[in-house]
Amino acid sequence: MARSSYKVTTRTGASQIAALVAAVLLVAAIALPTFASRSLIQDMFFILTMLTLAQFWNLLAGYGGLVSVGQQAFVGFGAYMLFGGAILWGVDPVAGLLLAGVAALVLAVPTAFFAFRLHGAYFAIGTWVVAEVVRLSVAQWKAVGGGTGTSLPRDARDLMWGVQWIESAFEVRSSEARDILTYWLALALTVATIGGVYWFLRTKRGLALAALRDNVEAARSVGVDSERMKWIVFLVAAFGTGIAGALIFLQNGRISPDSAFSVIDWTAFVIFIVVIGGIGTIEGPIVGVLVFFALQTLLADYGSWYLMILGALGIAVMLFSPGGLWGIISDRTGLRLFPIQRRLERRDGLQQKEVEEERP
Amino acid sequence: MPAILSLKDVSKSFGALTVTDSVTFDVPEGQALGIIGPNGAGKSTLFNLITGNLSADKGRIEYDGRDVTKVPPMQRCLSGIGRSFQIPQPFDRLTVFETLLVSATHGRGAPEREVEDDCAAILERTELIGVANRPSGTLTLLQRKRLELARAMATRPKLLLLDEIAGGLTEGECIALVETIRAIHAEGVTIIWIEHVLHALTSVVERLLVLDFGKIIGIGDPDEIMASREVREIYLGIEI
């Protein structure tokens, strides 16, 4: 009989090893500022923030089918809220990160209301238009420097929560202490993002999101509320993207509308990372960001050739391996670092035999 | 038996082309109704109107005593209308078991733990248990057809719409699938089944509806319908 003769599990051997490795890596990452150089900390900051942006874009496009090219709206708006908060109301920049997330979330509501009326390519263009509108509007905001931008006030920078403690604990100058602080914040954000996405995909709603990714019409026919899922994904992505954007410019210390709302930096590169790594998986963006960083380092001296090579590589992957690098790896090896697949297993262990008896 | 589904004067046009033309019929609860008709007769459109994937231009659709003409597909699924697609629409990267989990959790509004055993039971009945952990995109045609049936069953439908589920299968495969459908029907599930494989259809259904150019040209006892001259003309050349 069927009842109670089966159990459901998500664990795999590889995932348990991966969890162990991840724990070790996390401890090493937290301890990194005690032994690493400042430039390594800055590189790590870059990798972590790009990874966070990529995870959220992957959630949007890879799972939600929402191919947005306007995520720079939330990066820029979030970042400007942090600067505005610090300059106008003296909000501590660390608290300002939360303000940035909430601001991006608020911006996402009218954006979604407008953009969800559009589909496919029109949705993509619509989100880009929204981002441009926000950029042009923010450029009118004189208190934060209008079109030329501004710097974070010295007080906000040097008296930021945690900086003085790091200065004395590590015996470093305040600029270096800021790098360490923002690095830790980026690490926390990345871990929370990946953890959050992983948790979500293991819920009933996450399963529905994966079904929507594969086939919208069929998902609707079995009772999946596709509209609601789109809203959830879009708002969550905006919130996280806003925080990540604010953090990037907090570390930078300077902001301008062109840099904060750059479609190349905050959307094109992010899409590249997700596509190269493998869209629709948690592992994909992780692989992608490492490849992206390596390419950027290798090709740093080649100017516009760098962008052309990036583009060509992106197109090649889309044509020849739509699953990205992680797709190739997991197809060949069956490896899954984040086990979200629910496996049905017989309690008496006969499952394997049955599978083999079935015709391929 | 009261009617679980009732269409009253339902019409649907795409531009100048009328694909559903003043269709009126009832399906009593527990009945199995077959729908036949040439390609392009508007059979699948009729299904899409019943599930809500298309909205009717005119007329009224009642399900379970309620007017559902304007109710969105998701709500209709929750209230017990399940369907299979003519061309299988698997969730390619989800496994067979996960496909049923999505369907059961969202189609019934139940938590995962409560439906796991039932999903396993449906996989056993539809003979998919052996491929439970395989990605749906890797299945054979027969397995895909079975999965269409299993996924619809997982929502625990009161009314099950099957769209050419036997199409493209070999004789042996077809017989096995018909047995499964017959067993589901025997449990009291109302079935509406569009099918070109007539012997499969007539071995299950109690009533037959013939559609041509969007109009009902006959509805009633399968033997009588198949014997009528009009139907024979439409099906001329098709072996009965």
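The backbone N, Cα and C atoms fix where each Cβ goes, and this holds for glycine too.
It should be emphasised that the depicted structure is a prediction, and the values quoted were computed from it without experimental measurement.
According to TrEMBL, the protein has these features:
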TRANSMEM  A:12-32  transmembrane segment
TRANSMEM  A:44-66  transmembrane segment
TRANSMEM  A:73-91  transmembrane segment
TRANSMEM  A:97-116  transmembrane segment
TRANSMEM  A:180-201  transmembrane segment
TRANSMEM  A:231-251  transmembrane segment
TRANSMEM  A:263-293  transmembrane segment
TRANSMEM  A:305-329  transmembrane segment
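Packing against the transmembrane segment (A:180-201) from elsewhere in the chain are residues 26, 29-30, 32-33, 41-42, 44-45, 48-49, 51-52, 55-56, 59, 63, 94, 97, 160, 162-163, 166, 170, 172, 207, 209-210, 240, 243-244, 247, 250-251, 282, 286, 338, 340: each is 6 or more residues past its ends and has a CB under 8 Å from a CB in it.
Of the candidate ranges A:44-66, A:97-116, A:231-251, A:263-293, A:305-329, A:231-251 contributes the most Cβ pairs within a distance under 8 Å of the transmembrane segment (A:73-91). Among residues of the same chain six or more beyond the transmembrane segment (A:12-32), those with a C-beta under 8 A of the stretch's C-beta atoms are 40-41, 44, 183-184, 187, 191, 335-339.
Most Cβ pairs within less than 8 Å of the transmembrane segment (A:263-293), among stretches A:97-116, A:231-251, A:305-329, belong to A:305-329. Looking at which of A:44-66, A:97-116, A:305-329 has the most CB pairs under 8 Å to the transmembrane segment (A:231-251), the answer is the stretch A:97-116.
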